[in-house]
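K.L.:
Questions regarding the structure given below will be posed in turn.
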């Protein structure tokens, strides 16, 4: 169950993330990465706080957050499965693997399972092109995906 | 005597179960009370043999692979610590033909040393280049790099030394070295391998670039899809600072140079140099119009060298062994070595560093061993999602910047993705357009709109709606994108599309759907 974050809590945690990175040259991306790590996504409430701290407009912050594929505006599932959709994986049957995974998890790309267990995301190249098709589950790489490995992934995200 | 066992921590090896193998080996070492030390090295790049475990014996290294956790106990029974025979034995790894045939200059240490050991790094020739550089005048360093013939390994092939000279000659109160580690091209992983397997060589290359151009600060813009490379680079930077390789006095010299690792956020277009600079500055990754060149007005408007990981990682050997040594490898205007990445449906997929000049056929058929699926090779895409598809008929093309350009292709970052005869080239062409649409930064119209129109047109072609008209339309569209786009994303997407269309026309003429009987 997703807990509603209390306003003051968000404020304090956001400020602390900002303070950690604001001395860097070009601090916005590191701040956004920090917030996503802190909250699991970049809450809309944090954008005006960032804008004020960096002395840029809210539109600029919004523009940056929405430009990059990595930043989410809502929480992901407990597990995040990133499946490579690029050419090297396609050459090894990646499209069929994607269909199998999608069916096994009961969700499409950019979707989160109803029980909140897993979010499925497309990714364009994990640099595992000599062991395709590949994926990344919660930051850990998985190569040469096949039916057995899909079963293992499904078991892991459901456990 | 303590025996050293090497188990790669390279992402590719991890993807194939190296972590479980490492745990199993640790356990066996403990149970059997053996005097053994485990080193987590990089990968040698022989991915069909990963996880490849190596043991240091008095007679040299002995390799085993591909190892899975369930093999470990039997390997110890067979005398792993003394290099004993086992069904997974590979013998001396250096004698494996795939490795024996290579010329490893940039990847000399990758897969051999402990990536985070300065001692190993020095023992295998590391820091010689930087030690030479700190004693030289900046202009002499630049001249040596220029003389070596090194060209940008990111894809554009621009002479590295000339870029450096421009930055050296440009006045600035602050200059930057930016390393482009946004290796987004499918089929490429050499940047990842070097950052995970020999991170100090990149740090050394960047420090040399800093001294050569008067830059005191470096950034590595590393894609977020490579978390393990980021961990390795961050750890290596810390160690390099403590060892005096980075800091106010690089190796005790009056030169200051320090660097930071910055993680991208999943935008492919940020591999384009000006988009990358925008992103580093904390903006949307929109491509900048050139001029001004980044060498004049780059990061935060300051003179900036922006080089690919492999370009920078090739500099230490040039400063160590000399320009002539490096230049003696290669062909034509492509000097030195290039780490070729054999990927996709390849039997022997991995990293093969060699002098320029091998033919595409030698790389795919002889070195790569054809397809993993065992079916005939239909096409290979060279140079990532913006690279052309080559048919067998062009397999005599030598691996050289100019030779590939002459065949309407590009080397790019030297990744080769092999496809067997089940590939549908119309689908591959459509994907190229789709990918461009997903990743377009949106600044210029040919790329932003052209890619979406391209997908629609190819979809119509697939449904056999006025096919000849769609082919003419997509050809015209590609022409517009090629000449009208601001950067290589829109400008090069026509390469895979048009090469697929030109070399595999049969895939673009779908079987007519039988008309329903009246």
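Every residue, even glycine, has its Cβ placed from backbone N, Cα and C.
Below are the features I grabbed from TrEMBL:
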type: BINDING; residues: A:84, A:89, A:125, A:129; note: [2Fe-2S] cluster binding site
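On this model, are these features tucked inside or out on the surface, and what's nearby?
P.N.:
Under DSSP, residue A:129 ([2Fe-2S] cluster binding site) is assigned to a helix (H, G or I) in the three-state scheme. Sequence-distant neighbours of residue A:129 ([2Fe-2S] cluster binding site) (same chain, six or more apart, CB under 8 Å from its CB) are A:86, A:88, A:89, listed in sequence order.
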K.L.:
Could you list the residues of the same chain, at least six apart in sequence, whose Cβ is under 8 A from the Cβ of residue A:125 ([2Fe-2S] cluster binding site)?
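P.N.:
Those within reach of residue A:125 ([2Fe-2S] cluster binding site), by Cβ under 8 Å and sequence separation of 6 or more, are A:84, A:86, A:88.
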K.L.:
Tell me the coarse DSSP state (helix, strand, coil) of residue A:84 ([2Fe-2S] cluster binding site).
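P.N.:
The three-state answer is strand.
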K.L.:
Just how many other Cβ atoms lie inside 10 Å of the Cβ on residue A:84 ([2Fe-2S] cluster binding site)?
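P.N.:
I count 30 other Cβ atoms within 10 Å of it.
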K.L.:
Around residue A:89 ([2Fe-2S] cluster binding site), how many other C-beta atoms are within 10 angstroms of its C-beta?
P.N.:
32
